[in-house]
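Down below is the structure, laid out as structure tokens.
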Amino acid sequence: MTSSPVSRVVYNGKRNSSPRSPTNSSEIFTPAHEENVRFIYEAWQGVERDLRSQLSSGERCLVEEYVEKVPNPSLKTFKPIDLSDLKRRNTQDAKKS
């Protein structure tokens, strides 16, 4: 009886068959996506509420801001954006078209 080599599946890391995101300005959000966004939003609102509360009452720190001791050089040009403003602008652009 001869033994044949075991076949192996090799992945190259590329996904050619994955669906592409919509190219038009109207995005499609699944209920799971909306639930995840809502969870993150509510959790962050809780953190901000706790931080405001602790700052006004002077109580022991429950929320602590993380600041890197050695900044990442690749983030030197990073500029945070206001997501609410970005969404508002995208909504206005969609209404114009």
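First residue shown is number 1, and so on along the chain.
Cβ atoms here come from the backbone N, Cα and C positions, even for glycine.
A quick note: this is a predicted structure, and the numbers were derived from the prediction, not measured.
Noted in Swiss-Prot for the protein shown:
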type	residues	note
REGION	1-29	region 'Disordered'
COMPBIAS	15-26	compositional bias 'Low complexity'
MOD_RES	SER21	phosphoserine
MOD_RES	THR30	phosphothreonine
MOD_RES	TYR41	phosphotyrosine
MOD_RES	LYS79	N6-acetyllysine
MOTIF	80-84	motif 'PXDLS motif'
Integer Å distance between the CA atoms belonging to the residue listed as 'phosphotyrosine' and THR30 (phosphothreonine): 17
Local confidence of the prediction over the motif 'PXDLS motif' (80-84), expressed as mean pLDDT: 85
Summary of DSSP states over the motif 'PXDLS motif' (80-84), given as helix, strand and coil counts: 2 helix, 0 strand, 3 coil
Residue pair the residue listed as 'phosphotyrosine', the residue listed as 'N6-acetyllysine' - Cα distance, angstrom, rounded: 21
Neighbour-count leader, CB within 10 A, modified residues: THR30, TYR41, LYS79: TYR41
